[in-house]
Amino acid sequence: MKKLSARRRHPLAAVVVLFIALAACAGLYTAFAPADKAQADESAQSLAIEEGKKLYAVGCASCHGTGGQGTSDGPSLVGVGAAAVDFQVGTGRMPAQQPGAQVPRKKVIYSQAEIDQLAAYIASFGAGPSIPTKEEYSPEGADIAKGGELFRTNCAQCHNFTGKGGALSKGKYAPTLEGVSPKHIYEAMQTGPQNMPSFPDTTLTEKNKKDIIAYLDAVNSDDTVEPGGLSLGGLGPVSEGLFAWVFGLGGLIAVAVWVAARTAKAKKS
Amino acid sequence: MSTTTTSESRSRGKAPAGERVADWADGRLGIYSLAKANMRKIFPDHWSFMLGEVCLYTFLIIIITGVYLTLFFHPSMNEVTYHGSYVPLQGQLMSEAFNSTMHISFDVRGGLLIRQIHHWAALIFLAGMFVHMMRVFFTGAFRKPREVNWLFGFLLFVLGMFTGFTGYSLPDDLLSGTGVRFMEGAVLSVPVVGTYLSFFLFGGEFPGGDFVARFYSVHILLLPGIMLGLVVAHLILVFYHKHTQFAGPGKTNNNVVGMPLLPVYMAKAGGFFFLVFGVVAVISAIATINPIWSIGPYRADQVSTGAQPDWYMGFSEGLIRVMPGWEVNFAGHTLVLGVFIPLIIFPLVLVAIAVYPFIESWVTGDKREHHILDRPRNAPTRTAFGVAWITWYMVLLIGGGNDLWATHFHLSINAITWFVRIAFFVAPVLAFVITKRICLGLQRRDRDKVLHGRETGIIKRLPHGEFIEVHEPLSQEQLHTLTAHDQYEPAQIGPAVDENGVTRKIKASEKLRAKLSKAYYNEDSQIPKPTVEEYKEITSGHGHH
């Protein structure tokens with residue numbers, strides 16, 4: 001002890017004491033910290049729900065109620081499932097900006113991690129469709145032609161032949177499907193967001209949904225080949241008629257004016 | 001000396017080949033007298049006189065491309081499986097008509113371009129006829145002696161609509177099939193005979209297996225045949241009546257000032273044909289029309305939104321879309337007024353403009369020949385009627401495209417429908433009143449220009465400090481042009497008592513006519529032209545700037 005007390009004023013004494021203290025803390029932490037793997041997963045889930053609950057309280061509760069029971073401003077979220085949340089929030093529709101006939105697609109403000117947390121929380125209200133996996137919605141290997149037939153039978157009456165969108169009553173509308181990711185299309189069919197009817201697997205099987213996604217991928221994406229030139233919005237005869245009047249007849253009238261201005265008459269001066 | 005010899009040798013020797021061919025033809029066809037009468041035919045110059053040419057040339061383009069399409073099209077509704085080169089339809093069941101149209105679009109060399117030229121030219125042809133008809137209308141070119149030609153032109157427009165409709169239905173795609181179904185619904189709504197008519201048209205229940213073949217005959221033979229005949233008659237009458245011209249110095253009701261058919265107009269018209277073909281071909285090369293591969297084959301259980309007809313049938317679509325779905329049941333029979341009333345209004349919309357020339361000539365009692373065109377402002381009532389009609393037509397077109405108005409302008413489709421329902425009655429009246437006011441305003445401006453000259457924009461300060469704007473008097477030519485139009489007096493009812501003191505019964509039609517005539521020509525409907533005295537007084541320089 002004498003040795004120790006003799007060196008207590010040594011310049012390095014403070015450093016040594018610090019090391020010992022740190023080592024003790026580290027040892028205590030390793031001893032008491034929850035390190036089990038299974039334990040970690042379960043708590044990640046409850047953590048996600050916990051985090052989701054916080055996000056929900058800030059972004060959603062004012063319309064959907066504090067427990068997802070719904071209010072006069074928003075429907076109940078019991079049983080809508082994670083897929084509905086992933087669609088609504090993932091396409092920017094939710095949180096809604098203002099009440100109206102329909103909530104439009106807009107900029108997504110939550111990260112995918114936050115969306116998953118919200119989805120986990122809302123899914124905990126009651127059982128509903130879960131977020132599809134990549135194997136479920138990936139258009140690879142699906143039957144495009146069959147998808148086209150299914151699309152024309154089930155979807156085209158609102159979304160137009162190739163999914164360019166269309167009007168519904170009183171300001172509601174079927175939005176364009178251009179640039180909508182396969183996952184979101186799958187979720188929309190699964191959950192029937194807003195004014196859309198839902199097409200659960202009993203109506204349109206998983207395979208059918210894949211076919212429809214593959215069809216849309218073929219006819220309404222950036223890679224779609226337009227064999228006839230400009231598609232003019234793909235809206236049918238109205239835009240064609242407008243184009244014929246403006247550029248067709250308009251162009252011909254311009255040519256006629258030009259021809260008539262060049263007359264064989266000898267000009268004065 | 002040498003000249004004499006050559007001319008002698010020529011007179012003795014053979015005539016040039018061209019002359020011999022012409023002689024041969026003249027001996028058999030009498031072309032010399034025809035050519036003499038018509039080669040120097042004069043046509044006046046104005047761009048709006050070329051609108052008819054646009055129609056003629058697009059009509060020719062449609063015939064030429066149509067013949068090409070018939071070489072590959074199979075007008076049959078037999079069901080086949082698609083095995084062509086367009087992947088998203090592989091293995092789908094479709095009619096042979098659709099299959100062959102797919103074949104034309106993807107597997108026939110130049111097929112898609114020709115199809116697109118055919119279809120674009122059709123839309124432009126109808127648009128051209130519409131504008132041509134309006135040119136004739138607003139300039140009063142339909143007046144005696146051209147009333148019959150006006151009717152020929154009108155018939156061409158109507159037949160063009162139906163030729164277009166039958167052609168549009170031939171590919172048997174989902175869009176046109178919906179259109180045919182629409183038409184069938186209209187036929188069915190006719191009381192008593194509707195169902196019989198429908199069964200007759202389709203050879204049984206819709207869609208059956210016949211309508212494509214039937215529409216095909218109508219589209220490529222019956223209607224174009226009649227139209228071709230009418231086009232020829234239309235042109236013969238243009239030649240016979242000679243072309244109208246706008247008023248101007250040297251232009252009278254008894255002459256035509258312009259350029260001869262040969263060589264000037266032959267070159268111009270020939271060149272213009274190629275320009276028209278060029279514009280149509282460019283448009284067809286850059287823009288898709290009727291992409292049947294996207295639309296898919298017709299199946300009665302499928303339908304798409306945005307299902308409209310081509311633009312010329314759009315107003316009928318509008319009538320149906322905005323009509324309330326009224327239905328009455330009478331003694332076990334259903335009368336679908338929601339469809340039947342639009343079916344009745346459909347021809348009335350067209351007839352309204354067609355009969356106008358006859359109404360005008362009856363009201364005004366004007367039986368003289370007119371070869372000088374009116375400026376629209378100088379016939380305010382007619383111009384106002386024309387604009388009202390166009391407004392009516394456009395309102396219906398808005399109704400026909402109400403879904404696209406809704407999506408593109410973020411409106412409620414119900415609001416648009418109600419707008420169209422009200423505007424159908426109100427908008428033409430408003431358009432009539434406003435147009436008439438504008439015409440009178442323009443007439444006042446003309447009067448002002450004649451009397452006070454053109455505003456030069458030059459401000460002059462007089463020695464005593466007053467500022468005046470210098471007005472430049474119009475040239476003699478301009479004065480003539482602005483004052484060349486006739487001004488009419490309202491037609492009067494003849495004396496009620498004749499010279500023998502016998503009272504005559506005045507018919508109600510006579511009274512109506514006098515009233516209408518007064519509406520046409522009273523002091524509220526025309527601004528008096530400046531008289532020579534007024535002009536002299538004002539330009540004499542006493543007390544005027």
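Here the Cβ of each residue, glycine as well, is placed from N, Cα and C on the backbone.
As annotated by TrEMBL, heme c 1 binding site applies to A:Cys60, A:Cys63, A:His64. Residues annotated as heme c 2 binding site in TrEMBL: A:Cys155, A:Cys158, A:His159. The domain 'Cytochrome c' feature in TrEMBL is assigned to A:47-126, A:142-220. Under the heading signal peptide, TrEMBL lists A:1-26. Taken from TrEMBL, the feature transmembrane segment covers A:242-261.
On the structure: features taken from TrEMBL.
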| residue | record | CB count, 10 Å |
| --- | --- | --- |
| A:Cys60 | heme c 1 binding site | 24 |
| A:Cys63 | heme c 1 binding site | 17 |
| A:His64 | heme c 1 binding site | 24 |
| A:Cys155 | heme c 2 binding site | 25 |
| A:Cys158 | heme c 2 binding site | 20 |
| A:His159 | heme c 2 binding site | 24 |
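Those same-chain residues not listed among A:Cys60, A:Cys63, A:His64 yet with C-beta within 8 angstroms of the centroid of the heme c 1 site C-beta atoms are A:Tyr56, A:Gly59, A:Ala61, A:Ser62, A:Gly65, A:Gly68, A:Thr71, A:Asp73, A:Gly74, A:Leu77, A:Met94, A:Pro95. Listed as Cβ neighbours of the transmembrane segment (A:242-261) (distance under 8 Å, sequence separation of 6 or more from its ends, same chain) are residues 232.
Cα to Cα, A:Cys158 (heme c 2 binding site) and A:Cys63 (heme c 1 binding site) are separated by 28 Å. For chain B, the nearby binding-site residues by a Cβ gap under 8 A number none, drawn from A:Cys60, A:Cys63, A:His64, A:Cys155. A separation of roughly 28 Å, to the nearest angstrom, links the Cα atoms of A:His64 (heme c 1 binding site) and A:His159 (heme c 2 binding site). Each residue contributes its Cα atom, and for A:Cys155 (heme c 2 binding site) and A:Cys63 (heme c 1 binding site) these two points are 30 Å apart. Note on the domain 'Cytochrome c' (A:142-220): DSSP counts are 42 helix, 4 strand, 33 coil. In the three-state DSSP scheme, A:His64 (heme c 1 binding site) falls into the helix class. Secondary structure counts, DSSP: the domain 'Cytochrome c' (A:47-126) has 39 helix, 2 strand, 39 coil.
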